Amino acid sequence: MAAGSGVAPPPLGVGLCAVKVEEDSPGSQEPSGSGDWQNPETSRKQFRQLRYQEVAGPEEALSRLWELCRRWLRPELRSKEQIMELLVLEQFLTILPRELQAYVRDHCPESGEEAAALARTLQRALDGASLQSFATFKDVAESLTWEEWEQLAAARKGFCRESTKDPGSTVGPGLETKAVTTDVILKQEMSKEAESQAWLQEVSQGKVPVFTKCGDTWEDWEERLPKAAELLPLQSSPEEQGRTAIPHLLGVSKDESDSKDNEFENSGSLVLGQHIQTAEGLVTNGECGEDHKQGLHAKCHTVKPHSSVDNALGLLESQRHFQEGRPYKCDNCEKRFRQRSDLFKHQRTHTGEKPYQCQECGKSFSQSAALVKHQRTHTGEKPYACPECGECFRQSSHLSRHQRTHGSEKYCKCEECGEIFHISSLFKHQRLHKGERPHKCEVCEKSFKQRSDLFKHQRIHTGEKPYMCFVCERRFSQSATLIKHQRTHTGEKPYKCFQCGERFRQSTHLVRHQRIHHNSVSGLRVEKQHGNLLSW
């Protein structure tokens with residue numbers, strides 16, 4: 001890596017790990033405000049997941065892709081080689097087989113070569129495992145849970161049953177070997193969430209003992225697993241079938257299977273530390289000096305509690321939200337949503353993204369529905385009509401507010417402007433007509449009619465400029481000022497004079513231009529009109 005004092009590009013975030021980047025030449029500096037850029041992984045996902053339905057047309061779709069790609073790749077900070085390395089690494093992780101992809105991503109490779117080395121290491125391990133001593137189908141079946149057995153194809157189940165009739169039959173080379181080996185590998189790669197859920201299902205029925213410190217009981221653990229039985233309802237039929245089907249596959253009688261189940265069920269309610277009378281005899285534990293069944297009590301001192309206990313507690317919370325119908329959570333504010341699309345829309349409130357722009361005035365919105373409502377101010381459309389009096393409104397909320405005047409006395413109309421308000425809000429509204437300014441700045445004591453105007457004014461004192469131009473990184477305290485500034489980059493002129501067709505970037509320029517036509521109608525000479533223009 002070249003020596004220098006420059007600042008390297010920011011890390012790429014979780015999921016797609018950072019690429020090794022050379023430092024810039026001495027004296028180079030990161031552009032001001034670059035620290036305010038959002039997480040590159042978030043930008044990458046926005047670039048990859050942009051849908052055509054979210055934009056107004058093909059031109060806007062192309063423009064959005066350019067903007068999102070630039071936010072992700074940061075060409076002002078990275079060289080061409082570094083950008084190519086980033087793209088190749090991402091595509092390499094995408095095309096990897098699923099079992100390799102998860103392993104490589106977990107190790108966070110910093111370059112394509114490192115990712116390839118990790119993939120090769122795992123591939124060799126998997127290939128070596130398939131060449132080891134053959135495992136019998138009985139061994140494979142013993143390692144399968146009931147859920148995994150149910151997921152096996154019917155043909156593979158039949159093949160396993162035929163093979164287990166011969167106790168010495170092995171999983172030989174061929175298609176069947178590959179199929180069963182894949183199942184075993186998938187089992188070993190089960191996620192912690194799935195493992196936690198299976199463990200909770202067994203614990204909630206008392207089928208397995210919970211190993212904690214010596215002397216703890218199952219009742220001690222019930223407090224740590226609140227409402228486990230409610231959150232993890234078990235269906236009896238698959239579980240009961242599992243007690244007979246899989247033992248029968250292994251050649252174990254139903255009585256033997258039931259006796260083993262009863263052994264676990266009873267041990268779940270025992271105090272860990274009591275004597276367990278079995279034919280295997282008792283041994284004295286060297287740590288606590290008590291006699292216990294060999295192997296069972298020893299786990300209290302040698303084995304930590306189930307590795308998924310902490311994950312299981314988190315799983316309970318996740319399942320509760322899933323059953324309530326809000327499975328999608330925002331990582332920034334932890335607010336939950338029913339639909340993934342609602343989560344994407346909400347995340348724009350954190351990123352400040354406003355992809356929907358009005359072609360008439362250039363105002364941008366984060367939601368397409370807000371753009372549709374805004375466009376009615378230009379078209380004059382009023383699609384919502386009152387069925388009682390026939391009055392029409394632009395928005396459904398305005399219609400709902402109007403309909404209250406027909407059926408309730410709690411809502412009154414302002415005599416000054418005709419708007420409808422609740423009685424408690426009407427008095428506040430009337431202050432505006434009286435010239436009252438109830439919202440006062442504590443710094444300069446300037447007063448405002450609206451609270452939102454006060455918030456905007458306070459940014460003058462705090463110096464806060466939350467709105468940034470992604471082209472030149474200049475920042476502004478007002479969103480309207482940012483919109484006007486962005487037109488200097490796009491060349492957009494949304495304000496059109498309907499008399500001569502000339503267009504302008506700002507509404508004030510249009511108003512100043514329209515005075516020319518007004519003076520012409522008033523009978524003034526053209527020379528005087530040009531003189532007024534020069535004097536402005």
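Including glycine, each Cβ sits where the backbone N, Cα and C put it.
What Swiss-Prot records for 18-45 is region 'Disordered'.
The SUMO2 cross-link annotation in Swiss-Prot covers Lys20 (among others).
What Swiss-Prot records for 26-41 is compositional bias 'Polar residues'.
Within the model, the domain 'SCAN box' (44-126) carries an average pLDDT of 82. Annotated domain 'SCAN box' per Swiss-Prot: 44-126, in sequence order.
Look at Swiss-Prot and you will find 135-196 tagged as domain 'KRAB'.
Annotated SUMO2 cross-link per Swiss-Prot: Lys207 (among others), in sequence order, evidence recorded as similarity to another entry.
Among the features that Swiss-Prot reports, SUMO2 cross-link is placed at Lys260 (among others), with the record citing similarity to another entry.
Tertiary neighbourhood of the zinc finger (328-350): same-chain residues 42, 49, 321, 366-367, selected by CB-CB distance under 8 Å and a gap of 6+ residues from either end. According to Swiss-Prot, the feature zinc finger maps to 328-350 (among others), an assignment based on sequence analysis.
Same-chain residues lying 6 or more positions outside the zinc finger (356-378) and placing a CB less than 8 Å from one of its CB atoms are 54-56, 60, 345, 348-349, 394-395, 483, 486-487, 492, 494-495, 507. What Swiss-Prot records for 356-378 (among others) is zinc finger.
Swiss-Prot lists 384-406 (among others) with the feature zinc finger, giving sequence analysis as the kind of evidence. Taking H, G and I as helix, E and B as strand and the rest as coil, DSSP gives the zinc finger (384-406) the counts 11 helix, 4 strand, 8 coil.
Under the heading zinc finger, Swiss-Prot lists 412-433 (among others), citing sequence analysis as support.
Look at Swiss-Prot and you will find Lys413 (among others) tagged as SUMO2 cross-link. For Lys413 (SUMO2 cross-link), the same-chain residues that are 6 or more apart in sequence and have a Cβ closer than 8 Å to its Cβ are Thr405, Glu419, Ile420, Phe421.
The zinc finger feature in Swiss-Prot is assigned to 439-461 (among others); the stated evidence is sequence analysis.
Marked as zinc finger by Swiss-Prot on the basis of sequence analysis: 467-489 (among others).
Across the zinc finger (495-517), DSSP helix (H, G, I), strand (E, B) and coil residues number 11 helix, 4 strand, 8 coil. If you look up Swiss-Prot, you'll see 495-517 (among others) marked as zinc finger.
The zinc finger (439-461): residue composition by secondary structure is 11 helix, 4 strand, 8 coil, according to DSSP. Nonlocal intrachain contacts for the zinc finger (439-461), taken as residues 6+ away from its ends with a CB within less than 8 angstroms of a stretch CB, comprise 431-432, 477-478.
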